[in-house]
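Step one of this worksheet: look at the structure below.
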Amino acid sequence: MTNFTESTLSPTEEEQSSYPLSESADGDDERDDNNYDWSSEFLRKRCVSTGVSSILDPPPFADSDNEDDKGISFLKNTQNAVDQAETLVRRVWHKSWRVVYHSHLPKWLQDNNFLVGGHRPPLESFRACFQSVFRVHTETGNIWTHLFGCIAFIGITISFLARPSIEIQWQEKAIFSTFFMGAILCMLFSTLFHTVYCHSESVGRLFNKLDYCGIALLTIGSFVPWLYYSFYCTTAPKISYITLILVLGTACIVVSMWDKFAQPKFRPVRAGVFIGLGLSGVIPAMHYVLVEGIERAINVAAMGWLVLMAALYIGGALIYAFRIPERLWPGKFDIWFQSHQIFHVFVVAAAFVHYHGISKIARHRLSFGECLAADESGNLIL
Ligand SMILES: [Zn+2]
């Protein structure tokens, strides 16, 4: 029996370049690349060349003279053998895949053309996708940066919520939990998206939407504790601004559900929508500075930390939108230090900075005790 080793099942570079993949989509080939069974054709081609075509090719039609029960049962058995052999070969192929060039990817997997090589081919099974977490390719850094952030925030959340209520009351735990939930879900959805998006076009699209939802959830979750403690004793602005961010964040999630939003040509629009959502925080920040003054804004409302957080988010989003540094040196950052990884690291750093900032505001605010009274403009009188 043929020995299915990696060398017999993985495409060689020559085969990859001769293989009619996505590049043919704009050429004479009429085939729809989006619905094309990428590995099937490769497997069939490979098996023909390795001498197992007889079990993989459908059996020839029997002569009408021989179409008796025996013949039908023989055909059924042969078909079963074909199915089993194809399943076996497919399983081995998924274990032994090799990275491919961007130009060899099907159209639905072609995102960043400045990452020249090191891409995963379509893997078609969740098991293979999750196993790829432990291999080196263009998504390895993206997966691990947010997996690390996700695990770190799960740890922080557990230790925060486990603190005795005499130290941290349930109201504080509830408010901080909106931020923790936003951070954990954002990084979890992102990790899952980067892990499984090479499974198939439909799976990739679904998880891409979840990824965008996660960014909106993190933004909403970041705003809620900040607004809650910054406008602790002034109910009207507190409720108005929290409502505003909930409405804008929900609008962002709805836009993210739109199929075309994930296309590469909408990259600047995506970056713009999320930068806009984040920048909506300028309105309550200006409000606070005008009412309380810049000194209290910095010392009490930890505005310096919030500005640093905003700079990290915006800086990360711009790097993502302009695809720096791989745009300048295509092919040099295929595996490490590409724009998307830098963006991920900035998001994790911004989330840590924000946690520090809102902890400072909360500690400061709670040290005053309950709201005692308010003047005619709604400001707290201590
Ligand atoms: Zn990402």
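Cβ coordinates are placed from backbone N, Cα and C, and glycine is handled just like the others.
For 1-36, the entry in TrEMBL reads region 'Disordered'.
Annotated compositional bias 'Polar residues' per TrEMBL: 1-21, in sequence order.
Per TrEMBL, the feature transmembrane segment maps to 143-162 (among others).
Marked as transmembrane segment by TrEMBL: 174-197 (among others). For the transmembrane segment (174-197), the residues of the chain that approach it from at least six positions outside its boundaries are 109, 126, 129-130, 132-133, 139, 142-143, 146-147, 149-150, 153-154, 156-157, 160-161, 203-204, 207-208, 210-211, 213-215, 217-222, 224-225, 228-229, 344, 347-348, 351, 354-355, 358, 362, judged by C-beta separation under 8 angstroms.
The feature Zn(2+) binding site is assigned by TrEMBL to His194, His340, His344. Other C-beta atoms found within 10 angstroms of the C-beta of His344 (Zn(2+) binding site) number 25, with every protein chain shown included. A helical conformation is recorded for His344 (Zn(2+) binding site) in the three-state DSSP classification.
Taken from TrEMBL, the feature transmembrane segment applies to 209-229 (among others).
Among the features that TrEMBL reports, transmembrane segment is placed at 241-258 (among others).
For the transmembrane segment (270-290), the residues of the chain that approach it from at least six positions outside its boundaries are 212, 215-216, 219, 223, 226-227, 230-231, 237, 241, 244-245, 248-249, 252, 255, 261-262, 297, 301, 303, 306, 310, 313-314, 317-318, 320-321, judged by C-beta separation under 8 angstroms. If you look up TrEMBL, you'll see 270-290 (among others) marked as transmembrane segment.
For 302-322 (among others), the entry in TrEMBL reads transmembrane segment.
The transmembrane segment annotation in TrEMBL covers 342-358 (among others).
By a simple count of nearby Cβ atoms, those within 10 Å, the most crowded of the binding-site residues His194, His340 is His194. Contact between the transmembrane segment (302-322) and the transmembrane segment (241-258) is not supported: fewer than 3 Cβ pairs lie under 8 Å, counting only residues 6 or more apart in sequence. Those residues of the chain, other than His194, His340, His344, with a C-beta within 8 angstroms of the mean position of the Zn(2+) site C-beta atoms are Glu139, Gly141, Asn142, Ile143, Thr145, His146, Ser190, Gln341, Phe343.
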